[in-house]
Amino acid sequence: MNMLAQKTEPMAWQPVCRRDDLVAHSGVVARVGDAQIALFYLPDQAEQPVYALDNRDPKSAANIIGRGIVGQICGDLVIAAPLYKQHFRLKDGSCMEFPEQRLRVWPVRLNGDHVEIADSPV
Amino acid sequence: MNNYLATSNDLPTLIVVGNGMVGHHCVEQLVARGAGERYQIHVFGEEPLRAYDRVHLSEYFGGRDAESLALGELALYHTQNVHLHLGTPVVEIDREHKAVITRNGRMTYDHLVLATGSYPFVPPIEGAEGNSRLVYRTLEDLDLIRAAAKGAVRGVVVGGGLLGLEAANALKSLGLEAHVVEFAPRLMPVQLDDQGGAALKAQIESMGVQVHLSKATGSITAGEIYRYRMNFAGEDFLETDLIVFSAGIRPQDALARQSGLGLGPRGGIAIDNACLTSDPSIHAIGECAAWNGGIFGLVAPGYQMARAVAASLCSEDAEAFTGADMSTKLKLLGVDVGSIGDAHGATPGSRSYRFIDEAKSSYRRLVVSADGKTALGAVLVGDNSYYDTLLQYVQNGIALPADPAGLILPRGEAAPALGVDALPATATICSCHNVSKAAICSAIDEGCSDLAGIKSCTKAGTGCGGCSALLKQVFEHELTARGVEVDKSLCEHFAHTRQELYHLVRVEGVETFEELLAKHGKGHVGCDICKPAVGSILASCWNRPIMNPSLVPLQDTNDTFMANMQKNGTYSVVPRIPGGEITPDKLIAIGAVAKKYDLYTKITGGQRIDLFGAQLHELPDIWGELIEAGFETGHAYGKSLRTVKSCVGSTWCRYGVQDSVGMALRLEDRYKGLRSPHKIKFAVSGCTRECAEAQSKDVGVIATENGWNLYLCGNGGMRPRHAELFATDLDDETLIRYIDRFLMFYIRTADKLQRTSVWRESLEGGLEYLKAVVIEDSLSIGDELEEQMQMVVDRYECEWANALKDPEKLKRFRTFVNDKGSDPDIHFVSERGQRRPATLHELKLVPVTEETA
């Protein structure tokens, strides 16, 4: 089990999909209420193997972030948006090229076979 | 909606008046500095559209629409606590009560930033009205010009400055006979000297724009042949159908006058070094502001002011605004024009070097100090490749070489660019994002080891892109200075070229990215540069299904989902139609699928049919039906063989000498699915009339009486190149042998994303060398290349058929892993009987006003 958020209050977790819905080294998308959340699974990253970010690309206004390529640039794990190739850091959703673009990030954890996210973004 | 409510929380209110380029940049800078957490920010724009790029306004007539001219991201105005009110001019400022007044009511402010810009100056000329008094400033102005141009033949621009020439370009692109009338005795009197102006005039006139100098328009009356007649001093006149005034700008300072703010001696809102007006809670920036009495009519100084104000409002150290460099480099009507520093040699004692080429109407002037040691300014017409180096000399006071003339003389090969080591750490490399040499050095020291990383980390080179060459030089020089061999690394994870990686994969039999990264790379993850490149190499070498679990995460999104992502996140689907030959039944089958899934249908340039608008979860069903009807994937998504275009050839055509369709089918069947450094296109023509346009393809085959002529390394697209004749009168088997060897040799040696045309141009020894390798087998690798190709051919399998057989692979084709629905944000509208993505406008994503909560 991986606790990822460093909050003091207990947070409410909700299951969004199963572990085998995830695709290793890549992303899938889950729908939670009105939000679309891109889930990236990096099984080799012991510290944090799953990341949850907004699926909406601020540049194109299309819901495509979950279909980008996961990579590492200057030490940061990033997702490259598939249409215009700008990079967002997985840890906080910040954009390397355009600081005004930012993705929301949800605390996320693996709980047995379930992938769970917190009920509100960080 | 009569009165805006007072702000609903405790944050102070910051109001920005004006959503032009400078106002927008200020908001961008504020948000980047976290101002959304300190202020409620309200932005008021007079125009109905959000900020757009005025610098490239003339492209509006070249086909760019208002949306593509829009600056930055709409998302900026959806940031928390940022509110955009468009089409809402501020009509009054009540400084006593610290409030602005619009037609919707009052809103109080704690801080106010005025970025109201400027308006075009139209001299008072008798008879100037309607289509004889057009201006060139806003998209609305351009719409008026376009309307006036309907049925018009000739158009005149009054004013031969920078904007005037842009306007002339706009008239030209509307198909009008364009004339420029300038009051001064030369064009661009502010930036250019006499000879520079003359060179520019000669170049512009050779493009069909007529220039009239030293002409003052006295009155405008009805014309005889054209609609209007412009009467100059004396008997002189010029007739025209419309007149655009571009005779300078005036600061838009009406609000300042109304509210009693201090003004500059020649208008404009007076500001100090902190861009503060006479009221300490009001800043002014851009063309509406007068610093030291002067207005800065370029975008860069406006951006400089915007940055300074954003920093000070966020309590950061703000750089004082102490004037701006008015150096400028641009392309006017296709002509390079550059002006740096003291272009006129106004500094007492200064001396000039001049180079004049009357044959090419090219001109360069370098102004140096009295002692000849420092450069003060320069004028360039015809060739801006000298600009960057000269600008660095002038801006950074770098000591001139013994013979400064060398800096503007024509040179044989590459630029004798200023040694980048001579640049001081403070030298600005990227002026769009204000990145200094020192910032680039520190990014390198923090571990950025490739150019892409530098661009990501510093944003240098991501604005206009004009500094790319200089940035690369600085970067490579700094690496060398740190004892790092300047590498052609693929990215920060592989210190190898694509060619070297290919060899490692081939020689060591590497079949996975992880293995290659572990043996020859850095880190455990890779990135969006190396993953697709290695994925392509693995496919070229081993041709395993790209949907295999270890290969999936390497692919670009198009390869991952085996379809082409379009702007709204939907995909297009292209079934293979080899040689462009298709039976009526198959056409009907495509039509039935398109109809069932409501796909927009268009014929491609490669003789096949593209089906647009499929959502991710629909792709397997669509392909199931296409495969059922006998289709295979067309690889339109891959860096691989696309199509083999053909004419009908000897089967039907009275001129055809060989069966071009038959050969096209054979070639397409052999090379389909071949992954390569970039896409590859073929064509086969049945006779020398060349209806299949084979000479614009990577591989072109043209029938002769005796067999086939082979052409290689052509390209259409962005940089067209004619294919070169490689071999003549080949029989079928030899033709295929040569193509096998050629393609495999290209795959082996080309760089990442290098088309055959560029590869061929960079090939040492050129065409003769390529002939030696392929025809004479000079490297003794002919058999090997053929065997490698045969293996790829033997392992071919339709990727879609493979994926459809495997439920594991199909799991990826779900829009949502926890919901069977489709993406609710994808909207279509109907146009010409088919559906297409709704534009942002149609979605009303651009709110006209957004009220505070």
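FYI, residue positions are counted from 1 along the chain as it appears here.
Cβ from N, Cα, C; glycine included.
What TrEMBL says about this protein:
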| type | residues | note |
| --- | --- | --- |
| BINDING | B:C647, B:C653, B:C687, B:C691 | [4Fe-4S] cluster binding site |
| BINDING | B:C691 | siroheme binding site |
| DOMAIN | B:14-293 | domain 'FAD/NAD(P)-binding' |
| DOMAIN | B:327-397 | domain 'NADH-rubredoxin oxidoreductase C-terminal' |
| DOMAIN | B:429-476 | domain 'BFD-like [2Fe-2S]-binding' |
| DOMAIN | B:566-628 | domain 'Nitrite/Sulfite reductase ferredoxin-like' |
| DOMAIN | B:638-774 | domain 'Nitrite/sulphite reductase 4Fe-4S' |
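Secondary structure at B:C691 ([4Fe-4S] cluster binding site), as computed by DSSP, is coil.
The largest share of C-beta pairs under 8 angstroms with the domain 'NADH-rubredoxin oxidoreductase C-terminal' (B:327-397) comes from B:14-293, of the ranges B:14-293, B:429-476, B:566-628, B:638-774. B:C647 ([4Fe-4S] cluster binding site) falls outside any helix or strand according to DSSP and counts as coil. Taking each Cβ in turn and tallying the other Cβ atoms within 10 Å, the top scorer among the binding-site residues B:C647, B:C653, B:C687, B:C691 is B:C647. Listed in chain order, the extra residues whose Cβ falls within 8 Å of the Cβ center of the [4Fe-4S] cluster site residues B:C647, B:C653, B:C687, B:C691 are B:V648, B:G649, B:Y655, B:G656, B:S660, B:S685, B:G686, B:R689, B:E690, B:A692. Across the domain 'NADH-rubredoxin oxidoreductase C-terminal' (B:327-397), the DSSP tally of helix, strand and coil residues reads 13 helix, 33 strand, 25 coil. The domain 'BFD-like [2Fe-2S]-binding' (B:429-476): residue composition by secondary structure is 26 helix, 4 strand, 18 coil, according to DSSP.
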